[in-house]
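Undergrad: Sharing a structure here in structure tokens format.
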Amino acid sequence: MKYQSRQDALLVLEDGTAFVGKAIGKIGTTGGELCFNTGMTGYQEIYTDPSYYGQIIVNTTAHIGNYGVFEPEQESGSVKFCGLVCDEFASIYSRKRADHSLQRYLEEAGIVGISDVDTRKIVRYIRSKGAMNAMISSEILDKDQLLHKLRTEVPSMLNLELATQVSTSTVYDMGNPSSDIKVAVLDLGIKKSILKNLANRGVYCKVFPAQTPFQEMKLWEPNGYFISNGPGDPGVMDYAVDTVRDAQESGSPVFGICLGHQILARANGLNTYKMHHGHRGLNHPVKNLITGRCEVTSQNHGFGVAKDELDKQDRVEITHLNLNDQTVEGIRVKERAAFSVQYHPESSPGPHDSRYLFDEFIDNMQKS
Ligand SMILES: NC(=O)CC[C@H](N)C(=O)O
């Protein structure tokens, strides 16, 4: 009854593993890095988060689409991820204020997906073999043909620069223009909820394109610099590393989230690396090493800050640690007012435990 009108679809992983399911979204073919997100809510925020650009998302929660879509829940002006894998895809949505169905939303955005596959099996597979590229098709149902297309057309996420593809092309502002606190935002693929968190605390933000040099942002005389989240490999973003180093050395407060954290780390001589399969979900436990308190955090990253160089220097200290795998979740530059976190304090979606970090950034600006 529920899948009557849906045609078959095929999901093929880079190593040749295949899953057969039903077509959702647009009829077509799509490829990208296959990632899983364990969050039980917030699918629309995930699909519109620019950090997911170039990625196919496996939503592990059992039902997707059941509360429809609602415009204010978008994290950017359009859908950014490139494919959806889920178990039960709801054709009927129940929420009064929803604009329309997820099916219509995906179709209009040109997103190809597959449902009715064993998402737990896929997750166990990625967890043991590591992140890999995949392709979904509802038009090519021959596994060998799709695998060939995948292997020849989809680039590896390693060494891929994607921030310039999702960053703003023009400078824009947000918040109260007469505010005392002005923040220059380096947009590497920013989520709207981060800007809202700053604006709601009385900050006036000016958002600059990814490749804006520091001197150009400085002309505006901001009180601090914010380095955003975003897609791709931080290891090939030297342009942003230079900007962030200059911002930090100017003595102004700097705050980075996720990709911004990785760039701040690189600006201080630390390395980033591609993780085995990344962290994507809403319940990742993090310990704040300064206060000793734990936070349940929202996460989305496939790269991390390596500990090797960290252990050899005393310029940067670790402020937050992941309690699942002891990876670096936050750093602070000791002689500067610069800090960053790997996870998402704007938590959209997710628990609000870490919102205090926005207040700390504002404190830093008020003190300086
Ligand atoms: N959310 C983000 O900013 C992601 C950062 C980076 N692209 C990663 O996958 O690790």
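Every residue gets a Cβ built from N, Cα and C, even glycine.
These came from TrEMBL, pasted as-is:
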- C258: active site, nucleophile (ACT_SITE)
- H344: active site (ACT_SITE)
- E346: active site (ACT_SITE)
- S51, G230, G232, L259, Q262, N300, G302, F303: L-glutamine binding site (BINDING)
- 7-137: domain 'Carbamoyl-phosphate synthase small subunit N-terminal' (DOMAIN)
- 1-181: region 'CPSase' (REGION)
Undergrad: So which other residues, same chain and not among S51, G230, G232, L259, Q262, N300, G302, F303, have a Cβ within 8 Å of the centroid of the Cβ atoms at the L-glutamine site?
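TA: Close Cβ neighbours, site residues excluded: G189, N229, P231, D233, P234, C258, H301.
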Undergrad: Just the recorded positions from S51, G230, H344, E346 whose C-beta lies under 6 Å from any atom of ligand 1, please, or none if there are none.
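TA: Near ligand 1, sequence order: S51, G230.
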Undergrad: Spatially speaking, which of the active-site residues C258, H344, E346 is closest to F303 (L-glutamine binding site)? Use C-alpha to C-alpha, please.
TA: C258
Undergrad: Among the binding-site residues G230, G302, point out the residue whose Cβ has the most other Cβ atoms within 10 Å, with all shown protein chains included in the count.
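TA: Most Cβ neighbours within 10 Å: G230.
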Undergrad: Return the residues near L259 (L-glutamine binding site), defined as same-chain residues 6+ apart in sequence whose C-beta is under 8 angstroms from its C-beta, sorted by sequence, else 'none'.
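TA: When sequence neighbours closer than 6 are ignored, L259 (L-glutamine binding site) has S51, A163, L188, G189, I227, S228, N229, G230, P231, G232, P234, M237, H301 within Cβ distance under 8 Å.
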Undergrad: Taking the Cβ of N300 (L-glutamine binding site) as reference, which residues of that chain separated by at least 6 in sequence fall under 8 Å from it?
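TA: Once residues fewer than 6 apart are set aside, N300 (L-glutamine binding site) is near N37, I46, D49, S51, Y52, N229, C258, G278, H279, R280, H344.
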Undergrad: Check the DSSP secondary structure of Q262 (L-glutamine binding site), expressed as helix, strand or coil.
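TA: Where Q262 (L-glutamine binding site) sits, the three-state DSSP reduction gives helix.
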Undergrad: Comparing the recorded positions G232, Q262, F303, H344, E346, which residue's C-beta has the most other C-beta atoms within 10 angstroms in this structure?
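TA: Most Cβ neighbours within 10 Å: Q262.
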Undergrad: Just checking, which of S51, C258 (recorded positions) has the fewest C-beta atoms within 10 Å of its C-beta?
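TA: Selected from the recorded positions S51, C258 on minimum Cβ neighbours within 10 Å: C258.
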Undergrad: Taking only the Cα atoms, work out how far Q262 (L-glutamine binding site) lies from E346 (active site), in Å, as a whole number.
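TA: Cα-Cα distance, Q262 (L-glutamine binding site) to E346 (active site): 17 Å.
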Undergrad: Average the per-residue pLDDT over the domain 'Carbamoyl-phosphate synthase small subunit N-terminal' (7-137) and send me the rounded value.
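TA: That stretch averages a pLDDT of 97.
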Undergrad: Provide the three-state DSSP residue tally for the domain 'Carbamoyl-phosphate synthase small subunit N-terminal' (7-137): helix first, then strand, then coil.
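TA: Reading the DSSP string over the domain 'Carbamoyl-phosphate synthase small subunit N-terminal' (7-137) gives 31 helix, 47 strand, 53 coil.
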Undergrad: Give me the CA-CA distance between E346 (active site) and G302 (L-glutamine binding site), in Å, as a whole number.
TA: 18
